[in-house]
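Okay, so here's the structure we're looking at.
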Amino acid sequence: SVGFKAGVKDYKLTYYTPEYETKDTDILAAFRVTPQPGVPPEEAGAAVAAESSTGTWTTVWTDGLTSLDRYKGRCYHIEPVAGEESQFIAYVAYPLDLFEEGSVTNMFTSIVGNVFGFKALRALRLEDLRIPVSYVKTFQGPPHGIQVERDKLNKYGRPLLGCTIKPKLGLSAKNYGRAVYECLRGGLDFTKDDENVNSQPFMRWRDRFLFCAEAIYKAQAETGEIKGHYLNATAGTCEEMMKRAVFARELGVPIVMHDYLTGGFTANTTLAHYCRDNGLLLHIHRAMHAVIDRQKNHGIHFRVLAKALRMSGGDHIHSGTVVGKLEGERDITLGFVDLLRDDFIEKDRSRGIYFTQDWVSLPGVLPVASGGIHVWHMPALTEIFGDDSVLQFGGGTLGHPWGNAPGAVANRVALEACVQARNEGRDLAREGNEIIREASKWSPELAAACEVWKEIKFIFPAMDTL
């Protein structure tokens, strides 16, 4: 008899293997699957495993030239999603040999490359990935990580403060540098290029880099603190991006920035390697993430994009505020904040963490809280994010009625007051407003900020629920 039989057969015969014991070297994925009406969940889960590994839509004779059992993805468990009709979590195990070492690009091309357009599925979302130790070890990861950054900046025991320079588009380089200087002089640790500031006609990158470097050095000399500005090196080509990073290094500034989703993982990993080799910190902005992660039943959850960034490399990444103008539910946000910072994270479904993740000492990433936050949020932010974070107030600094430097002073005073109160054992969640009010008695800048923003709230329900 001939070993090869042409024709189309059910995926579940080959790719649904509930008896499979996962290996320590497997990459594990949890997908939220919404099958088309009439498609059984086992078939849908198996289809995902097949299409994201070795399968194709029909039997091919070349299957006989390899060992499918060694290379195929396997759907090893399926569970219904509580409270949702015809939605399932499908767990898929991928053998390590399917992936190129040290390439987030290849990992994503395999796992989420083709399968999301699959007709048998109404919707598909990648909820979480377990990256095995053996694969983690093929990545450099963040250029420096949390501890090295603190040592470089000589700042300990508190969150770091930042500010995005606004208006984000239209300032000349000289005026932009002036705004940077005012913020840093007032007491911020960092200022930031907006994610869409690259090199436009009103402000070319080289001019901006130069004036920002001048602002940094002037502010450092006046305050005796180390300062930084996230110089956005994102560009249309990798060569141009590297040219900008090299110029930043020549200026002697401490940190550059990249938009990792629009710039792409290949560019990001290249830049991260350069940053480690040349002592630059790397700030990562997640522009475009909501296109991918905001829909509850289709796309990729941000915790996966956050894990991917830790592998590709970045020292800071924007990760929601829980309290400001942008999306973020508290437990889920803290779940991926832990995935960014900690070395070992236990599985915890209540926070959306589907797998235990061991990073085997890959450096951690500082989460950046940014978007619609101001001094009244400071106690909550200090309590939620703790010391290892960057709190970024754009409008919450520049919108101060007396200008940028007083806005920066207000934020720094509020932060120091919250850290001191916490260290004295006070409850920031309960006494937060009182702590800010007390501090504003001896800081007119803070008092003015408190007055301006006392009524501002962004109250909408979070979409990112379990």
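Glycine is no exception: its Cβ is also placed from the backbone N, Cα and C atoms.
Same-site candidate for substrate binding, as annotated by Swiss-Prot with N114, T164, K168, R286, H318, chosen from S53, S67, S370: S370. For H285 (active site, proton acceptor), the nearest of the recorded positions by C-alpha distance turns out to be E195; the candidates were K5, N114, E195, S370. For the substrate site listed in the record, the two most distant Cα atoms among N114, T164, K168, R286, H318, S370 lie 37 Å apart. In sequence order, E51, S52 are the residues near N114 (substrate binding site), counting only same-chain partners six or more apart with C-beta under 8 A. Within the same chain, the residues at least 6 positions away from H318 (substrate binding site) whose Cβ sits under 8 Å from its Cβ are I284, H285, R286, P367, V368, S370, G371, listed in sequence order. Residues T164, I165, K168, D193, N196, V197, Y230, N232, M257, H285 surround the recorded Mg(2+) site, their Cβ atoms falling within 8 Å of the Cβ centroid of K192, D194, E195, which are themselves excluded.
Taking all protein chains in view, 14 other C-beta atoms sit within 10 angstroms of the C-beta of K168 (substrate binding site). In the three-state DSSP classification, R286 (substrate binding site) falls within coil.
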